[in-house]
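Single-structure report; data block below.
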Amino acid sequence: MAAGIGGVHLGVALMALAPSPYTGGDNAVYLALARSLLEGGYRDLFDPAAPVHAQFPPGWPAVLAGALALGVKPWVGIKYLTAAFSALAVGACFLWIHRRRRPRLALGVAGLMAISPGVLALSHSELSEVAFCALTLLALAGWERGRRVVAASLATVAAYLTRTAALPLLVAAAAWLAWRRRWRELAVYAAIVAPPYLAWAWWSWAHGGGYASFLLMKDPYAPDLGRVGAAGLAERVFANLQLYGTTYLPRFLAGSQGGAAVAGAAVLVALAAYGWARRARRAGVAEIFAPLYLVMALLWPATWAGERFILPIFPLLVMYAGDGAVRLGRMAPKLPRAAVPALAGTALALLSLDGALGAARYGSECRSGYAAGDRYACLSPEWKDFFAVAEAAPRMLPDGAVVLSRKPALFHATSGIPGRTYPLDRTPEGLLRAARKAGARYVLLDGIDNMAEQYLTPVLIRRPQAFCVMYSLGPAQATLFGVNAGAERMPDLRGDPGEAEVQTGFRGCGPEFWRGGAAPDPRAGGPAGG
């Protein structure tokens with residue numbers, strides 16, 4: 001049955017699959033790490049200095065490296081791989097709850113997970129969260145059978161090496177074994193888990209990375225803002241509660257943020273809280289893991305909040321909600337015992353089904369565009385511009401070029417040209433200093449979000465003589481600028497203009513900026529503007 005329901009989900013996931021790359025950027029970081037593993041290292045190949053990577057553990061990059069070695073091509077090939085892990089997660093969900101001797105609940109929860117819009121959206125995202133969810137559920141299934149401590153321990157540490165967000169799972173398993181006084185099993189668990197855990201902890205510490213360093217930052221994208229205190233953490237928890245309660249969980253459940261979706265999410269959480277509280281009297285690993293994971297998610301910087309954090313906890317929420325509904329049904333003597341859980345399950349299924357059908361229609365449209373030759377079908381015009389510049393860059397830029405952009409890993413994955421994120425600094429001094437340190441002579445102005453308008457536009461307007469135009473797709477579209485020699489010593493011609501549009505005239509870049517020392521013929525896709 002687990003394989004069957006996983007297969008059903010795989011079919012639905014393939015119907016919802018959109019071939020265009022995920023635009024968050026972490027997918028491109030994973031791809032760079034996978035390629036580095038194939039070269040015998042673990043480095044950020046998209047960075048011009050190729051520093052040792054210490055933020056993402058090597059589990060998912062290792063899976064991608066194996067796939068690349070077997071001939072899988074990004075991005076569509078990786079999407080199929082992610083969809084397979086998504087099917088594994090749904091099957092593992094059924095297996096876990098079934099081992100709790102709740103076969104009907106297992107079928108209902110796994111079925112709801114199979115059509116959840118949030119699960120479907122992540123099933124082709126090329127991210128580690130899907131594999132992490134599958135391994136977490138396999139670990140929980142293993143812990144339901146106390147004698148399978150080796151398999152459960154291996155799945156637990158594999159989840160941690162896929163995402164360090166599995167730390168609550170490591171703690172929960174150890175706490176449960178100690179609480180139940182299973183000292184022999186605890187020793188086996190420690191022997192399996194401790195070496196890889198300590199190895200990755202040492203690697204992160206030795207190379208100055210890891211997510212823990214971001215936890216207390218006010219904004220992980222602006223470390224200079226400092227750290228949060230107790231009051232700041234309380235504000236963060238409240239902000240995350242609002243985001244997850246009114247935006248992310250409704251969207252995960254129903255594919256929308258409408259009133260019905262918000263109400264459905266509220267009912268789900270209320271029932272889950274009741275079901276967990278009743279179950280906590282006979283707690284297993286899952287009952288310890290769930291609150292620990294939720295606390296971690298609520299303490300995480302709000303700028304990183306999103307549906308990705310919901311995925312591994314979603315089947316637990318639905319399982320506890322279903323269990324709570326069953327218990328409430330037993331307390332209503334005038335109703336059939338199955339009435340309350342059936343009503344709640346049907347309502348949630350209808351919400352999810354509408355979103356799933358919408359995801360399938362969207363995926364079909366995107367695949368049609370992709371088949372017609374649009375590699376970035378269904379992406380916004382701004383993102384299409386970003387990828388268009390990245391694809392054109394190798395024809396224009398000389399060997400050794402470095403580009404400052406909003407998404408350097410994605411730019412590198414498309415162009416093969418390394419780069420860094422431009423600094424969140426509105427001053428010419430800040431941008432040009434960062435360009436010098438990176439060895440970058442190029443900077444990309446795009447419209448994928450408001451960052452370029454907020455930070456690059458003021459610099460370009462204040463010191464226009466420091467820049468030249470390499471390649472432009474047109475007014476108010478993506479433009480690749482060159483950084484002129486001596487730019488740091490040039491004076492500002494204007495004050496900070498605010499978030500104004502770039503209306504200053506720029507000269508075209510000279511031959512020293514171009515591959516081969518000459519600009520390509522504009523009729524062959526060369527630069528526009530000047």
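Keep in mind that glycine also has a Cβ here, set from the backbone N, Cα and C atoms.
If you check TrEMBL, you get these features:
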TRANSMEM  78-98  transmembrane segment
TRANSMEM  105-122  transmembrane segment
TRANSMEM  157-179  transmembrane segment
TRANSMEM  186-205  transmembrane segment
TRANSMEM  258-277  transmembrane segment
TRANSMEM  284-303  transmembrane segment
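Within the same chain, residues 96, 139-140, 143-144, 165, 167-169, 171-173, 175-176, 214-215, 217, 219-221, 233, 236-237, 239-241, 243-244, 276, 309, 312-313, 316, 320 sit at least 6 positions outside the transmembrane segment (284-303) and bring their C-beta atoms closer than 8 Å to a C-beta of that stretch. The transmembrane segment (186-205) is not in contact with the transmembrane segment (258-277), judged by fewer than 3 CB-CB distances under 8 Å for residue pairs 6 or more apart in sequence.
Tertiary proximity for the transmembrane segment (157-179) is limited to same-chain residues at least six positions away from its ends with a CB under 8 Å from its CB atoms, namely 57-60, 128-129, 131-132, 135-136, 139, 143, 185-186, 189-190, 192-193, 196-197, 200, 210-211, 283-286, 288-289, 292-293, 295-296, 309, 312.
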